[in-house]
Amino acid sequence: MKPSSLLLFTTTILLCLSMAQPRATRKGVTPKQGYCPEFLLDCPFVLLPVCSRDKGCKGTKKCCFYYCQMRCVEPWTTLT
């Protein structure tokens with residue numbers, strides 16, 4: 001294997017491994033308490049997101065996929 005090919009291969013593997021880590025571990029951010037509410041209906045389309053992660057939501061709200069959109073919602077305390 002050529003040195004340039006080996007470098008490309010190694011870089012690709014390292015990039016894949018770093019992306020496979022959970023976000024909370026990578027960025028040192030812990031998710032807010034609670035669980036996202038279940039949304040079991042099929043979405044014919046997905047709306048533009050209002051949030052991308054929990055820290056973008058005020059108070060105790062979590063960023064969850066709900067009603068065909070990523071939005072800030074009150075979390076469930078238990079899974080039902």
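Heads up, residue numbers simply count up from 1 along the chain you see.
Any Cβ shown, glycine's included, is placed from N, Cα and C.
Positions annotated as signal peptide by Swiss-Prot, on the basis of sequence analysis: 1-20.
Per Swiss-Prot, the feature domain 'WAP' maps to 29-76. Mean pLDDT for the domain 'WAP' (29-76) in the predicted structure: 92.
Under a cutoff of 8 A between CB atoms, and with a sequence separation of 6+ in the same chain, the neighbours of Cys36 (disulfide bond) are Lys62, Cys64, Phe65, Tyr66, Val73, Pro75, Trp76. According to Swiss-Prot, the feature disulfide bond maps to Cys36-Cys64 (among others), an assignment based on similarity to another entry.
The feature disulfide bond is assigned by Swiss-Prot to Cys43-Cys68 (among others). When other Cβ atoms within 10 Å of the Cβ of Cys68 (disulfide bond) are tallied across all protein chains shown, the result is 14.
Summarising the annotation, Swiss-Prot assigns disulfide bond to Cys51-Cys63 (among others) and lists similarity to another entry as the type of evidence. Cβ neighbours within 10 Å of Cys63 (disulfide bond), excluding its own Cβ and spanning all shown chains: 21.
Swiss-Prot lists Cys57-Cys72 (among others) with the feature disulfide bond. Within its own chain, Cys72 (disulfide bond) has Val50, Cys51, Gly56, Cys57, Lys58, Lys61, Lys62, Cys63, Cys64 as residues 6 or more apart in sequence whose C-beta sits under 8 angstroms from its own.
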In chain order, residues whose C-beta lies under 8 angstroms from the C-beta of Cys43 (disulfide bond), counting only those at least six residues away in the same chain, are Cys68
What three-state secondary structure does DSSP assign to Cys64 (disulfide bond)? strand
